[in-house]
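A.B. asks: Taken from TrEMBL, the feature Fe(3+) binding site covers His80, His82, His244, Asp318. Feature annotation from TrEMBL assigns Zn(2+) binding site to His80, His82, His244, Asp318. Marked as 4-imidazolone-5-propanoate binding site by TrEMBL: Arg89, Tyr152, His182, Gln247, Ser323. Marked as N-formimidoyl-L-glutamate binding site by TrEMBL: Tyr152, Asn320, Gly322. If you look up TrEMBL, you'll see 72-379 marked as domain 'Amidohydrolase-related'.
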Amino acid sequence: MSEVHTEADILFTGISQLVSPPPGLQRGAAMRAINVIPEAAMLVRGGVVAWVGPARSAPAAAHIHDLGGAAVVPGLIDPHTHAVWAGDRLSDFEARVSGVAYEDILARGGGIRRTMQATAAASTADLVRLARPRLLALQASGATTTEVKSGYGLDFAAELRMLEAVRTLQSEFALVPTLLIHVPPTSGRAEYVRAVCEELIPQVAAAGLAAAVDVFCEAEAFNVAETRTILEAARRAGLPFKLHADQFQTLGGTELACDLGALSVDHLEVSGPTQIAALAASQTVATLLPGVTLHLGLPAAPGRRLIDAGAAVAVGTDLNPGSSPVYSTQLALALAVRLNGLTPAEALSACTVNAASALGLQGRGALAPGQRADFLVLNSSDWRDVAYTLGISPVGSVYRGGLNISISRGAMP
């Protein structure tokens with residue numbers, strides 16, 4: 001999005017605790033090594049952190065803003081959402097919790113193809129209108145940067161409309177658009193993969209509509225050979241890439257991603273020792289999506305084992321209508337502590353600097369000189385409330401580039 005900030009120095013005081021991981025990717029035990037400054041202050045200049053430290057040592061500034069004894073943490077970064085869609089999956093949800101098998105839901109015309117049909121029928125303006133309140137909800141929960149995927153298009157034109165909607169919304173939010181190759185056609189797979197590689201990806205890259213390419217590598221989606229072909233096409237087009245993998249089966253997608261240098265592998269609910277070792281030995285970020293575990297009752301991704309093995313772990317909401325209707329990045333952080341075995345400090349690193357790395361972003365996710373001044377003022381004097389609180393938001397104010405941005409907690413998205 002276009003950045004709006006003031007060049008004047010702003011000194012934020014009255015901070016009970018200023019808490020941040022160091023800048024850059026943190027892996028293994030380093031994810032716990034956060035910096036806690038009690039009775040702190042922070043100087044922001046031109047939307048960037050210029051100084052942090054004890055309030056008693058604070059430099060002079062043109063403007064002073066007292067935060068009233070609140071704790072401050074970096075703005076959260078949501079590295080995995082599907083926030084652009086049309087229609088709903090409420091009937092699917094009711095059927096599933098009543099014991100109806102997913103195959104039967106599909107046979108009734110439900111499931112992901114219901115979302116694809118509704119999304120394909122929507123105009124770009126419709127998609128913008130529908131996505132805006134979802135992004136406002138994520139922002140209110142503490143997300144100062146949000147990744148948004150395509151992937152619900154029945155055809156390439158619908159995929160492009162989804163990405164065009166994200167581009168429109170970039171004037172209001174800090175968004176990272178991703179082209180998701182999500183659901184293969186029921187016939188003509190080889191031709192579809194060829195067209196994705198030779199037509200869709202080059203077109204998206206030339207238009208600057210996406211910052212990365214994602215592929216859903218699962219038995220019911222794209223196999224490892226097809227995934228490799230698509231990722232290599234992304235590389236030729238100059239786009240970084242990532243994967244959905246190990247959600248239901250371990251097919252080799254995680255190992256492929258690590259071998260090719262993917263930004264991240266996301267889901268990982270069924271990852272085992274081989275996949276954990278591959279991630280620990282690579283620069284690829286392991287992104288956990290605990291909302292899926294909560295909503296679908298799937299096994300939790302092995303966050304504790306990944307960190308203990310030395311991997312870099314991130315956390316996202318996976319906001320989508322089918323498997324994770326989670327509209328709070330702070331809730332995803334809190335769920336990662338409870339479901340994936342992360343400590344509060346690890347979860348904070350996962351939702352800030354490591355989430356930034358999962359998106360290929362530099363200069364955000366930490367509160368240190370030279371970093372963008374994206375931060376949260378909590379409704380608490382103790383930073384651990386960001387990992388502890390459920391049901392209500394512990395986030396009082398959200399700042400992007402040193403400026404307080406509006407928070408909407410109104411109607412349902």
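The count begins at 1 with the first shown residue.
Positions of Cβ are set from backbone N, Cα and C atoms, glycine also.
Curation plays no part in TrEMBL annotations; they are all automatic predictions.
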A.B. asks: Do any of Tyr152, His182, Asn320, Ser323 (binding-site residues) have a CA within 10 A of His244 (Fe(3+) binding site), and if so which?
C.D. replies: His182
A.B. asks: When DSSP states are folded down to helix, strand and coil, where does His244 (Fe(3+) binding site) land?
C.D. replies: strand
A.B. asks: State, in Å as a whole number, the widest CA to CA span among the N-formimidoyl-L-glutamate-binding residues Tyr152, Asn320, Gly322 given in the record.
C.D. replies: 12
A.B. asks: Determine, for the Fe(3+) site, the additional residues of the same chain whose CB lies within 8 Å of the mean position of the CB atoms of His80, His82, His244, Asp318; present them in sequence order.
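C.D. replies: Those within range, site residues removed, are Thr81, Lys149, Asp266, His267, Leu289, Gly316, Leu319, Asn320, Ser324.
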A.B. asks: Tell me the Cβ contacts of Gln247 (4-imidazolone-5-propanoate binding site) under 8 Å, same chain only and six or more apart in sequence, or just say none.
C.D. replies: Glu218, His267, Leu268, Glu269, Val270, Val292, Leu298
A.B. asks: Per-residue pLDDT averaged over the domain 'Amidohydrolase-related' (72-379) comes to what?
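C.D. replies: Mean model confidence (pLDDT) across the domain 'Amidohydrolase-related' (72-379) is 97.
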A.B. asks: Same-chain residues six or more away whose CB lies under 8 A from the CB of Asn320 (N-formimidoyl-L-glutamate binding site)?
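C.D. replies: When sequence neighbours closer than 6 are ignored, Asn320 (N-formimidoyl-L-glutamate binding site) has Thr81, His82, Trp85 within Cβ distance under 8 Å.
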A.B. asks: Looking only at C-alpha atoms, tell me how far Arg89 (4-imidazolone-5-propanoate binding site) is from Asp318 (Fe(3+) binding site), rounded to the nearest Å.
C.D. replies: 15
